């Protein structure tokens, strides 16, 4: 028995599921697994009766709808899903930019650096600076590669508890420590007097509700909000602690890595996706932003059939999976029960929209790019240009996903556009617009 | 200065565009995407034109102020032409997309008509153009500072906001007209749009003589609005019907 089959059954290809891959990156303290690879799941909805026991790759399940109709439905639903991703990405960027522009802490240069970027950038010599930033990038990327490989190995050997513990530890750190730092800086900026008991109460509540929402169950909007907030916090940390040039080179390098890791046959992320597909289970939804309700997964839990909207169901699935693996004996019984519920839920899911998912790493790196654009100078045009470029990149990525229907990385196109627009707007458009504004010429 | 000017100018410059966005574009995801893609195309045109201007600047003597000014004017006109070229390119892209959507749908329609796309594309161009013109000025208006301390005009912010508003609306109308002209292959409509855009840009070269730039631009905006309304299928009859419907609604509710 595999409870995640129920998830499969209700995968509705009409919803043009586009889940974008993003690499796993180490956190500030090596604890947090920021971005998670995801699979692209434009799976067809399996015919209800046959989906229960079939293992095997998605491609075999071809629904009976003709191609054209399915494609049009994909596109129709595709636009909706693009917007469902635009909004959280925009919100994350807005939070980051607003913080950067108001709280000076995140733009102050310190001599402190992350251990992942050990080489100091000397502002005096261009060649040395470039060399050091490239070295920093190599260190960072190799750390990321190693982390991803460890993750894939752990996943392959089913060490789910370890991965879970890792994720919990890192989200603990984000939700408590980083938000405490953030709140402290905001209070300093606005000169708000705050006492420790109140602060402890606020941080405690924020953190605990966050942990529950993210790792267990919670209202969809709250969970989405928490994911956006922790992505923004992580992006702010990167913006603060990555040296100037290293940040740009790292952004470029990580999109190349993303491309390689997802598309190459032996790439770690691709292996992760394929392993997950073989086992018919989704990959670590714990750190993936999900934009829509997942109705039937509540049904997968035999203990509470009416749990209604459940948005974070991984833990449940994994628990069930763990339970299932341990209880081979009651398998057939469970199967029947599951089958009944799955059928019901799959029908119900006919009308339900699956929504889209995007890895938190993508959020983070998009926000890092826009945040860094906001840091340099007081120019809002650059920030706006990067913002539009990233959104268009995301749109194009989702379009490609709808066309190719296989796992695609979300970073390369957006980051490339973002970088191109950042450098060209900063160096070419800014002087032009400034001269125009000085004379009040309008184009 | 400061907050009052900031909010005032922000609302003047972006109020109508924001209202148009909220009431006509925000509900439909496809329109939002077309809007943002339109903004992207405008941005591309700006990028290319500033590249050209930048090269010209670097190749010339930076001490010669009249030459620099002349190059800037050339930059303005070149940018206008490039914007129209990119508008045409966007039109072609949208046509391909409509054809694709129509080809794969069962009924012969697609989710969005060319006229709606024209309007949204124009709005996208307008919003981006307005944002790029106005945002830095708005952030400066938060202060501190003194307007026109070197003898320039006192009315910098408000005229900037008014001009931005006019340009945003103009881009919207031009979008509608341009696409209509392309659809019906009326090249004189396209030529009119391009020349009017050049005219408006040229009028802005008269700044800071605001009497010479703002009223004519607003007259042109009004004319464009009327033309776009009639070109996209509106008529006096439909206006009349709208008014009577509102009157009836009002009477019924009161």
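Glycine residues also receive a Cβ, built from the backbone N, Cα and C atoms like all the rest.
All annotation found in TrEMBL is predicted automatically rather than curated by experts.
Database features, via TrEMBL:
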type: TRANSMEM; residues: B:6-25; note: transmembrane segment
type: TRANSMEM; residues: B:32-55; note: transmembrane segment
type: TRANSMEM; residues: B:67-86; note: transmembrane segment
type: TRANSMEM; residues: B:117-135; note: transmembrane segment
type: TRANSMEM; residues: B:155-179; note: transmembrane segment
type: TRANSMEM; residues: B:186-206; note: transmembrane segment
type: TRANSMEM; residues: B:218-243; note: transmembrane segment
Contact between the transmembrane segment (B:67-86) and the transmembrane segment (B:218-243) (3 or more Cβ pairs under 8 Å, separation 6+): no
Range from B:32-55, B:117-135, B:155-179, B:186-206, B:218-243 with most C-beta pairs under 8 A to the transmembrane segment (B:6-25): B:155-179
Beyond the flanks of the transmembrane segment (B:218-243) by 6 or more, those residues with Cβ under 8 Å of it: 115, 118-119, 162, 166, 169-170, 172-174, 176-177, 180, 189, 196, 199-200
